[in-house]
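Enquirer: Take this structure first; my questions come after.
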């Protein structure tokens, strides 16, 4: 709603005092971005809940991946499925598996249109509601068609949660631990996968076990929804609305101060107002007072942010991650580590490895920085992919080569692309672009995931596994070049400093 002149006046005052209105950065303003920051006092305990409830969206996403791998087995059991339509074709099973992916693609498109209107908090509340509805519809499905509808609804919530959770965590976390907290969301995704595999292995031989697998999401969705209802709105989203002339200026500013006090704990109360003024100044300084149009998404620093964020999540998928994990059970079975009937236990083993390596990344990411982990981890992925390709081409009599390559790939991925891809897209976009830009990045992520997943089998038949994995290795080398020349280091910078210095 448009503001009257009295309401708009404080906006122009902020612009005159702290920044530019024409898009030109004057030299005398530079110290504002470089050094004159209010110390970020915060309570680690107070920072936990603003991370935990959004991260449950990632946990529910990961749980769905793990549980579905076991649910498809339960669904097709004549004696244990508890349904008359258990005789599913490969296409039917494929739709059960990929239904949430289609929903996530649609959810990313929805997020593009609503993110900056309703804000991160309300988007996460909506995601929790759809998680709840999707889980209930899936678990109680009387027919195959209803099951697919439930899977798609659940997928829409995945798209919304994977869009809003990184933004909310990045915008509310103190800068010194922002990298750790956003990366912990990836830890929660992997934790959810391990939980899904675990619940699945426990209920796969239970009558109607697939219903229990999907119903387990219900209490988690309720907790997420209640938690997000209790948490405040993102202070940076509130301040963006202030400088863009949306809503009552003083009310929004006071709400931002209260939000920061709630998010940072009692230690922050005395400096909250000063921190809000500093954020307002920096947002105006870097030109956030002008709302971005669709065309401007592909110009200037907005385009650079899209290239960095979109490129990272694209390489995250097209370097073979979905395919390698898909092929993992057969690799371990070939090596004699598991019988075919123990596929779920194999998945749990890999999930635990992913969990451990993600934990390592979380611990060191704000010490070592983003670029060293990306370059080192992706470098290890290059070695592992060529090693895996060589196994199928030259060393098929030595399955230990494949096992070493597989474990190296999983470990290096979780040190690099796994957590840092989501972290960088939550940091790199300017605030006025963050909602739409991150939705495009999430769309690229799920779209590339779908493309690689569906193209893997025909490409394997056409080229053979050895050449295919070597091809992924070549793409991985290209991603190293991209990271080295394009991706900036954001360690220790505030979100406003990232926009001013890196774009």
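The backbone N, Cα and C atoms fix where each Cβ goes, glycine too.
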Enquirer: In Swiss-Prot, which of 146-166, 251-271 is labelled transmembrane segment?
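Expert: The range carrying the transmembrane segment annotation in Swiss-Prot is 146-166.
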Enquirer: For the transmembrane segment entry in Swiss-Prot, name the matching range from 19-39, 124-144.
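Expert: Checking Swiss-Prot against the ranges 19-39, 124-144, the transmembrane segment one is 124-144.
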Enquirer: Per the 3+ Cβ pairs under 8 Å rule, pairs at least 6 apart in sequence, do the transmembrane segment (213-233) and the transmembrane segment (305-325) touch?
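Expert: Since fewer than 3 Cβ pairs under 8 Å link them, the transmembrane segment (213-233) and the transmembrane segment (305-325) do not come into contact.
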Enquirer: Assess whether the transmembrane segment (187-207) lies in contact with the transmembrane segment (99-119), where contact requires at least three Cβ pairs under 8 Å among residues 6 or more apart in sequence.
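Expert: No, the stretches stay apart by this measure.
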Enquirer: Before we move on, state whether the transmembrane segment (346-366) and the transmembrane segment (146-166) share at least 3 Cβ pairs under 8 Å, counting only pairs 6 or more apart in sequence.
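Expert: Contact criterion not met.
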Enquirer: Are the transmembrane segment (400-420) and the transmembrane segment (305-325) near each other by the rule of at least 3 C-beta pairs under 8 angstroms (pairs 6 or more apart)?
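Expert: Between the transmembrane segment (305-325) and the transmembrane segment (400-420), contact is present.
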